[in-house]
Structure formats: structure tokens, C-alpha cells
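What TrEMBL records for this protein:
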type    : residues                          : note
BINDING : B:42, B:87, B:238                 : Mg(2+) 3 binding site
BINDING : B:42, B:56, B:87                  : Mg(2+) 4 binding site
BINDING : B:57, B:58, B:135                 : Mg(2+) 1 binding site
BINDING : B:58, B:87                        : Mg(2+) 2 binding site
BINDING : B:65, B:291, B:343                : substrate binding site
BINDING : B:117, B:134, B:135, B:161, B:240 : ATP binding site
BINDING : B:241                             : Mg(2+) 5 binding site
DOMAIN  : B:40-153                          : domain 'PurM-like N-terminal'
């Protein structure tokens, strides 16, 4: 690969805050009929004509949620939108708008921010959402991204974490653990690179894992699928912190217990082979890994015939009475209490 | 004042992310009938029954937008909500919900974050808005706050920056320049304190200035007043970056020019006396100071009788054709082209 030695580097200070917003927003088209006014006024104006409005917001902080040494800025832009759309879909709602705010230090040239916004734009195009607002400001240190996603849902179609009932089936989309393993692979390559910068990483056998980490997809398709199948889940949540933690959120909010079957947890073959290579337990990874952005839901038993043939949906257990507790039923048919390891961004200073 | 030597200091790492959200949210009541579901699910659910929805978002970054050496955390929480509500009111809309996300480093104990949220809560109570979501995460350095405000407006009642017409009156609420001068006073006291930490600051003659900087109020009352007076401005914007910059936004978006009269700009007596003391020009401060959070609007001449007796509204000029340009008409009756100094958060690295 021949490197361009004259890469353009435009200083953010030359452009200023107003200039930057105008510059970044000009490539974004408005496509949603609910967007009356996007970027360029004190606020965006939206019109959902009686639908319920759904709002979710998330932060992505450099050094905490991402490491720019292996996360390309375009992927980061894409992922920052996905993380938020995933929350909207977890309400059984349609995402229609996002606002994106960034705080950046002067070490980022304009071209870097353009890369970030190219990823945001790709996400907006593929997922059919409008960018309608945001704020750009300087930061004293790293890059901070705050995305707010806005969606809407027909009357009575929204699904909360709180509706699970005993005997409901516990259902998950896709497969689990790959994003976390992808992060482990990238971290390992970074350490190798530090020791030997000439070393070219060979990621061929980890392509799925790395893609799940760097370019996750929110499950917009599942909201449509559920509608087509005429299934309304009794509860739903997106898997950002790990299956274990999300199941416990549903149990706590719905005042129920559950039995989760270890043998039923869907794993990609690359997850299984890489866990063997790294000598770690694949169930632990699936339970606590996080960042899968799959959907976890509970479904009434009577809806089982509608979902049983579907390759996107895997039944992994069922809901029990609260006093039965929340358990993992192991391969050896032992019951272990589920614990939320999750992904803790606050590490104790005593660590 | 007797200092409590045993102030409680709870480490954020002990609580974790889920614990922190639960802990901070538990004191907030839901009061808006449009809030169907607040904090505690993947997204908030809002129902505006056909009204248009208005959304605005802003970042506040430590070291860029605030300095914790003189900004108490409670005031910071209050101000971070005000900054966003101000944008909603500038659309002639009612604010009804906010989401607040914070990234904090471990150097902040729980009690500090509680102070911040106490200010947010006070703002929510006084301005009658619900906190419906947010994210709490760790930060590698300072404190970053991202607020998204959501409001609603009756059909055809929204006011953009783009509706000003030649001959419309240029009208401003309150008075200008005090918040910026308050910042100068606080910066000076900080320098004095560095030299002599025993020195007690005497801020008695600057109370109004300091309050405008540390505890600004968004002009919710003006939206109501305009409705009561049966006046719909032709355009409106909030004054966050300075009068000059905001006038130019209206001129650019409305494709018009304007004449602004120096003698008409409303100034508080403390602004005038402090400008004399600091030997700076009060007009420069009013034009470029920023953070006033007053509203700037244009009003059709035929509405003049409805507003002329009102102490909240000051006519400071009028809109002209675009090719006439945007000018300040000075005390000496000279015309000077208006320039947007504003408040630039991106300083060039060459500075």
C-alpha cells in the first residue's frame, strides 16, 4: 500500500464551532417525514402525528469505551449510532432521528472528524434515520461522543423490561460473545505491535469477532420480523452489558425469576474455536461479554409456534416465579445463580 | 463557618454504573402527563398527542465551558439544564423532558455527583420538566455533561430563525453582558486567590453579574408572555454566544439585513459601573459577551402596540433588506458592520 505523504490536515481552530456544524451537516439529507426541521435552529422540530415518542441517549468516551489505536474513526461513528438505535429497537419501536454531539481536542484535524461523520452518515443511510441536531465543542483531552436517538411506536406496541410473566419463553436473537472476543483479539494485537511494530496482524481467523466489535449492527430487522410474525414480546432489552446482566434486569423489572440453559446459548463457531485457543470458557464470555447488541426478549408460550422455525430467534430458557430465583442450568444439569458481571465502566480507585 | 471535617466521601467504583443511575434517579418525580416512561428502560416513552416535538442538545465540558474552582456543582447542574431549556423556549415551545448524561473521573466522589444532580433536580422542579433518561460513565479526565431537552409546541406555533422580514422590529428580553462580566469578576478573584489564599473575595458589588454567570435562568416566562400578548414573533433565537452573533444568525437564516441601535441595548447598572471599573466598552461586552440566555426575536411592526409597554421586551433595531447589510448604529450615528465574535470553543493551536 502506498501511503499518501501529503494527507490534508485542517486545523479545527481555523473553522470554529459554527463552521464545523455547517460543514459536517451539509452532507446529511432529511428523509423521514416526521422530521420537520433538522440541524440549523435552536432545536429540531419533529411531528409524529399521535405516535408515542421514544428517546434514548448514550455516551462513548475515549479510553473508556473505545481505543483509537485499533478503532477506525469511521467505524466509531457507525458504532456510536448503532449503540443508540439498539435501545430504540429494544422498545419494539422504529428509530427515526439522532442527534450527535462531540467534544474533541485540537489534536484531531478536521479530516478525522469528517471520517467520524462519514461513519455516522453511513449508519443514518442504512438504518433510515435523520441526523437532526448536535453540538460540537472542544475537549481538554480525548474524544467524547454523545448520541441521542429518537423513535416512535404505534399506540400499545411498546415493550418494556417489566412485562415478563412466569412460563414465558426467554428468547435471544443472533449469537453471543463475539464482540467481546473481538476486543480481546484486538487488544492482543496491540500488545504485539507495541513489542514489534513491524509485525503485521493476521486477523483472518477472527474476521467475524473483529467485525462484531468494530462494526456492530442494531437489530432493526427484528422489530419488523416480530410484526410480520404477529408476536409482541412480553418484555425486551438490548444486550449491551452481557446476557447475564440483561436477564437480571428483566427479572428485577418484571418481578420474576428464570432458568437459562447453558446448552441453548447460541455461539458462533469462531467464538468456540477462539475460546479454546485463549483457554477461556465460552459460556462465561457469552454471559458477561457485552456489546453484542442483540435483543433479549420474553415471549408468551402460546406464541411459540410462530417463532419456532425462525433462525433469528433462539429459545434459551424460561421465566419462573420470583422466589425460584434466576439460574443458569449447566451442561451437567447443575443450577448456578446468575450474577451480573456486566461491563463496569467505573473501576474502583482501589483496584 | 465551621467546616465539617468528616465529610462523607463515597467512591464511585463501589457503586457501579447501574447503581449510580438508580441512586441518582430515585429523587426525581414524573410530573408531565406526556411522560409515559422515564428512567429505567432502554428508552423513555413520551406521548405528545399530535403536538410537534422539539429536541435540542448541548455539551458542557470541564475546562472549556466551566471551571470547578469557582462553579459550585449544584449551580453547574442547574445551568446545564438552563442552557438546553433556553433552546426549546427559543422555538416558542414548552420544555417538558430532559435527559442528562455525565462522564466523570474517579476523582469525583458520589457526594459531588449528588450535588450536581441536586442542581438538575432544582431546575427540573422550577421549570416543570421531567428527567427521563441519561447515561453515567467514567471519564479519563474531567467532567463532561450532555443534556438533551425535549419540548412540544402547538401546530403552527413554532418560531424559527428564518422568518424575519424587512421592517420587522428587532426585540430582546432582559439585559445583556452581565454573565460575561460575572465570569471576568470570578476569573479575577481566582487569580487573587492563587497569590493569596487567605484573601476573602468581596463580591458584594457584583452580585447580579456573578448570579447571571453561575445561575442563569431560561426565559420560559417569555413564551407564556408572548402567548398572553397574542404575539407570534417572525423569528427567534436564544442569546448564548453574544447578541452580535445571534443577530447574524437570524440575518443569514432569514436572508435579511438589520440596523441595531447602540443606544437601545439594555444594560444593567452593574454592567455599566463594572465596565467603567474594568475600563472596557459596555457595548462590546453586550455584543460579544455571551451566556445571557435571553431571547432575541423579530416582531412584525403591527404587533408593536402589543409589546411597547412591556418591561421585559426592548426594541433595539429593525430588519432591513439583505443588501443593506447588518450594522450597528453607534451613539455617534455611525454605521459599523456587525461581526460575530461570539464565543469560540475551538481555539487555534497557533494561538
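Quick reminder: no glycine exception, Cβ is built from N, Cα and C everywhere.
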Sequence order please: the binding-site residues B:117, B:240, B:291 that have their Cβ under 8 Å from a chain A Cβ, otherwise just none.
none
In three-state terms from DSSP, label residue B:56 (Mg(2+) 4 binding site) for me.
strand
Rank the binding-site residues B:57, B:58 by the number of other Cβ atoms within 10 Å of each Cβ and report the first-ranked residue.
B:57
Rounded Cα separation (Å) that holds between residue B:240 (ATP binding site) and residue B:58 (Mg(2+) 1 binding site):
11
Specify the nearest of the binding-site residues B:56, B:87, B:117, B:135, B:241 to residue B:65 (substrate binding site), where nearness means the distance between Cα atoms.
B:241
Separation of alpha carbons, residue B:58 (Mg(2+) 1 binding site) and residue B:238 (Mg(2+) 3 binding site) (Å):
13
